[in-house]
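*Asks:* Quick one: the structure is below, questions incoming.
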Amino acid sequence: MCLLKSTGLSLILSALLVIADSYPNSDKTNMGCEECTLKPNTIFPNIMQCTGCCFSRAYPTPLRSKQTMLVPKNITSEATCCVAKEGERVTTKDGFPVTNHTECHCSTCYYHKS
C-alpha cells in the first residue's frame, strides 16, 4: 500500500514538473505591445514614425522618499518612451510640415497623459 502511494505521488509530481517546465518563459508585461521601431505613418504616405513600447513600472513610494515630497504620493512610477533619435523636417504634398523619423530609441518620457 505504501509503495502504491509513493508511486502515485511520484507520478503526480512528475506531471506537475512537466507542466511547469513547458510553460512559456516569455515576459508577459509587454504582451500586445511591440518593440520600439520605425513604422509608416497611417495618414501621410512615405513618412515614418516611432511607435511601440519601452520600459515602465510602478511601485509603492518608499516612506523615506514620501516624507521629502511636497505633495506625497503613494505610487511612484518610472518609464521610458519610444522617441525619435534622429529625424528630418519635410513638407507633405499638402504643405504640412512634419518630422520624418529616421531612427528610434527608448528615452525619458517628456509628455504624460493626465
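Even glycines carry a Cβ here, placed using N, Cα and C.
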*Asks:* Have a look at Swiss-Prot and say which candidate in Cys81, Cys82, Cys104 forms the disulphide with Cys109.
*Replies:* Cys81
*Asks:* Candidates are Cys36, Cys50, Cys53. Which one does Swiss-Prot pair with Cys33 through a disulfide bond?
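*Replies:* In Swiss-Prot, Cys33 forms its disulfide bond with Cys53.
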*Asks:* Would you count the other C-beta atoms found within 10 angstroms of the C-beta of Cys36 (disulfide bond) for me?
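*Replies:* Cβ-Cβ neighbours of Cys36 (disulfide bond) within 10 Å number 19.
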*Asks:* Pick the one among the disulfide-bonded residues Cys33, Cys50, Cys53, Cys104, Cys109 whose Cβ has the fewest other Cβ atoms within 10 Å in this structure.
*Replies:* Cys33
*Asks:* Return the residue, from the listed disulfide-bonded residues Cys54, Cys81, Cys82, Cys106, with the maximum count of other C-beta atoms within 10 angstroms of its C-beta.
*Replies:* Cys82
*Asks:* In sequence order, what residues of the same chain, 6+ apart, have a Cβ less than 8 Å from the Cβ of Asn74 (N-linked glycosylation site)?
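*Replies:* When sequence neighbours closer than 6 are ignored, Asn74 (N-linked glycosylation site) has Pro60, Thr61, Lys66 within Cβ distance under 8 Å.
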